[in-house]
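Per Swiss-Prot, the features are as follows:
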BINDING   H34, S35, I36, E48, S49, R50  glutathione binding site
DOMAIN    1-64  domain 'GST N-terminal'
DOMAIN    70-199  domain 'GST C-terminal'
Amino acid sequence: MVGKALGLEFNKKIINTLKGEQMNPDFIKINPQHSIPTLVDNGFTIWESRAILVYLVEKYGKDDALYPKDIQKQAVINQRLYFDMALMYPTLANYYYKAFTTGQFGSEEDYKKVQETFDFLNTFLEGQDYVAGDQYTVADIAILANVSNFDVVGFDISKYPNVARWYDHVKKITPGWEENWAGALDVKKRIEEKQNAAK
């Protein structure tokens with residue numbers, strides 16, 4: 001979605017981690033951590049989606065709207081990006097993505113961590129329109145991607161009114177939302193297939 005916001009086109013190569021394609025020696029040469037996404041930009045390689053987002057807006061942004069130069073604004077954006085990486089994505093993986101391999105969602109304790117994560121996000125959004133303050137930034141885009149995955153697998157976002165308000169707004173203004181949602185629907189389909197096979 002950041003690429004769309006910046007008007008960039010990518011030469012995408014799909015790596016199927018469920019089939020272990022990330023362990024291909026050619027991919028490991030590019031990224032020894034064998035994680036996705038990975039960006040190769042004119043010979044420069046970087047991975048971890050939030051690091052990629054910041055790199056792209058710093059290099060290709062026409063202005064600093066998505067990642068302001070103001071150090072305090074950057075600090076809040078970075079905190080939200082780290083929150084997304086350290087809490088939001090792991091709770092998604094631990095509760096919902098377990099179904100990719102087992103056909104079963106995670107434990108009740110895992111679900112409580114999902115709720116706690118959304119409580120934090122709801123608090124961040126109290127009295128403001130965007131996750132890192134008064135303007136739309138890369139933090140909104142990163143967190144939108146994860147919130148959409150929670151949404152598609154049935155997590156009740158409406159219990160978190162600030163998150164629900166933000167989500168309804170940000171998905172309307174984010175370039176590439178439709179492609180992101182299509183990916184989220186694919187996640188849902190794969191989880192449902194695994195759940196049906198486990199019955």
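Residue 1 is the first one shown; counting continues down the chain.
Cβ coordinates are placed from backbone N, Cα and C, and glycine is handled just like the others.
Features as recorded by Swiss-Prot, highlighted on the structure.
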{"residue": "H34", "record": "glutathione binding site", "contacts (Cβ under 8 Å, 6+ apart)": "Q22, M23, F27, I28"}
{"residue": "S35", "record": "glutathione binding site", "contacts (Cβ under 8 Å, 6+ apart)": "Q22, W47, E48"}
{"residue": "I36", "record": "glutathione binding site", "contacts (Cβ under 8 Å, 6+ apart)": "I15, T17, Q22, W47"}
{"residue": "S49", "record": "glutathione binding site", "contacts (Cβ under 8 Å, 6+ apart)": "P37, A142, A145"}
{"residue": "R50", "record": "glutathione binding site", "contacts (Cβ under 8 Å, 6+ apart)": "L81, Y82, D84, M85, V138, A142"}
For the domain 'GST C-terminal' (70-199), what are the DSSP-based totals of helix, strand and coil residues?
102 helix, 2 strand, 26 coil
How does the model score the domain 'GST C-terminal' (70-199) in terms of mean pLDDT?
94
Under DSSP, is H34 (glutathione binding site) part of a helix or a strand, or is it coil?
coil
E48 (glutathione binding site) CB neighbourhood, other CB atoms within 10 A:
18
Checking the spread of the glutathione site as listed (H34, S35, I36, E48, S49, R50): what is the longest Cα-Cα distance, in whole Å?
16
In terms of DSSP three-state secondary structure, what is the assignment for R50 (glutathione binding site)?
helix
